[in-house]
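Please read the structure below before turning to the comments.
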Amino acid sequence: MGFLSESWLVNKVALGRAGSVVKFSHSFTVAEWLRLLPFLGVLALLGYLAVRPFFPKKKQQKDSLINLKIQKENPKVVNEINIEDLCLTKAAYCRCWRSKTFPACDGSHNKHNELTGDNVGPLILKKKEV
C-alpha cells in the first residue's frame, strides 16, 4: 500500500459533477491527519517558495553598519568635548561616520546623503552669546 494510495483517497473524498466539488465523506482520524502531515508540509513549502520573491529582501548585516572604519579596535567609540574648550563660536561634529577628520565634520555627509537618500547632518555646537 502506497503512502497516499488511491483506494484510501477514494474512501475519503467523493467528487461532485465533473470533479468540480470536493466533499469529504467523513471526518479524518488523528492517524489520518498524521499521515497527511508530510504532504501538507510539502504543499506549504512550495507555496512559500512561490511567494518568497515578492517579499522585500532583508539587508545584509554588513550593509547596516554605520561606522565602517573609525576606531574599530574599540568596543564603543566615545568622544568627549568640553564646551569651555570650544575656541570658535560654532563647531560642527560628524554624525555620519564618514568624515576624514572625525569627530569634526568635513561635509562627507553630503556625498553619503546623495548615494543613500539619507538625510544625516552634523551636530552643531554654538557658544551662548552673553
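Residue numbers in this text run from 1 along the chain shown.
Every residue, even glycine, has its Cβ placed from backbone N, Cα and C.
According to TrEMBL, the transmembrane segment annotation covers 33-51.
Per TrEMBL, the feature domain 'Iron-binding zinc finger CDGSH type' maps to 76-115. With a cut-off of 8 Å between Cβ atoms, the residues of this chain six or more beyond the domain 'Iron-binding zinc finger CDGSH type' (76-115) that come close are 66-68, 70, 121-127, 129.
Broken down with DSSP, the domain 'Iron-binding zinc finger CDGSH type' (76-115) shows 11 helix, 5 strand, 24 coil.
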